[in-house]
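I have placed the structure first, in the form of structure tokens, so that the comments after it can refer back to it.
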Amino acid sequence: MKQYLDLMQKVLTEGTPKNDRTGTGTISIFGHQMRFNLQEGFPLVTTKRCHLRSIIHELLWFLQGDTNIAYLHENNVTIWDEWADENGDLGPVYGKQWRSWPAPDGRHIDQITTVMNQLKNDPDSRRIIVSAWNVGELDKMALAPCHAFFQFYVADGKLSCQLYQRSCDVFLGLPFNIASYALLVHMVAQQCDLQVGDFVWTGGDTHLYSNHLEQTNLQLSREPRPLPKLVIKRKPASIFDYRFEDFEIEGYDPHPGIKAPVAI
């Protein structure tokens with residue numbers, strides 16, 4: 001994951017101090033891209049331990065169209081707790097937009113089912129896109145989508161994906177985002193009988209919070225280790241039928257975890 005460490009160093013070196021919604025303060029750059037060849041290993045950061053259970057359960061939760069944290073709590077995942085209301089609701093966040101985008105005529109559009117059909121029936125389409133950025137519902141969301149828009153691309157029997165992330169917490173959030181979308185590419189590729197290609201990450205406001213700088217320097221002092229391998233144990237009937245037990249990571253040997261506060 002040299003690309004990730006290079007980005008951290010770039011933000012430290014070239015970033016501009018900025019205020020932010022949380023009041024914490026950041027140093028920020030605008031516009032950065034990383035490319036991960038998924039044939040070369042699963043892009044899970046090795047310079048600190050990442051909580052893979054949370055990454056997998058969150059993605060499965062998104063794919064179910066769920067926007068209440070009850071499922072996450074049942075599986076000991078707390079990453080959305082700070083934004084949920086007293087009933088555990090988050091408003092029409094990612095899962096709602098992915099699976100039930102409201103159309104003006106009263107229909108609800110299942111974007112995930114749509115892209116699965118496109119990949120199987122029209123893989124050369126340039127419109128194989130999922131958006132979570134629903135302008136009409138942003139004010140109802142507990143948190144506006146950070147990873148807002150992604151596009152699939154098929155060439156030579158390989159599935160690639162590019163994500164646009166409008167706001168990126170480089171230290172805490174980005175390792176989750178990279179692994180989550182890499183996992184999604186593997187799942188979609190398997191369902192469509194494709195090989196995995198590249199995951200391309202594109203960031204807008206790409207920042208380190210001012211209270212993450214010590215942790216960032218510690219992480220930069222560590223040598224990256226070989227990437228692990230993702231094993232998917234079965235092929236379910238649909239993209240929506242995966243379970244946590246279907247996934248195994250082999251050869252993950254990270255450095256110890258590094259704690260840092262979440263900016264809310």
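From the backbone N, Cα and C atoms, a Cβ is placed for every residue, glycine too.
It should be emphasised that the depicted structure is a prediction, and the values quoted were computed from it without experimental measurement.
Quick look at what Swiss-Prot lists:
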type: BINDING; residues: ARG21, ARG126, ARG127, ARG166, SER167, CYS168, ASP169, ASN177, HIS207, LEU208, TYR209; note: dUMP binding site
type: BINDING; residues: HIS51, ASP169, ALA263; note: (6R)-5,10-methylene-5,6,7,8-tetrahydrofolate binding site
type: ACT_SITE; residues: CYS146; note: active site, nucleophile
Checklist entry - So what sits near the residue listed as 'active site, nucleophile' in its own chain, CB-to-CB under 8 Å and at least six residues off in sequence? => result GLN165, ARG166, SER167, CYS168, ASP169, GLY173, ASN177
Next on the checklist: If you count CB neighbours within 10 Å, which one among the binding-site residues ARG21, SER167 has the smallest count?
Outcome noted: ARG21
Item to check | Rounded distance in angstrom between the Cα atoms of HIS207 (dUMP binding site) and ALA263 ((6R)-5,10-methylene-5,6,7,8-tetrahydrofolate binding site) | outcome: 12
Item to check | Among HIS51, ARG127, HIS207, the most crowded of the binding-site residues [Cβ within 10 Å] | outcome: HIS207
Checklist entry - Among ARG21, ARG126, ARG127, ARG166, SER167, CYS168, ASP169, ASN177, HIS207, LEU208, TYR209, recorded dUMP binders, what is the largest CA to CA distance in Å? => result 36
Next on the checklist: Below 8 Å Cβ to Cβ and six or more residues apart, same chain only. Which residues does that give for TYR209 (dUMP binding site)?
Outcome noted: ASP20, THR22, THR24, GLY25, THR26, ASP169, PHE171, ALA260, ALA263
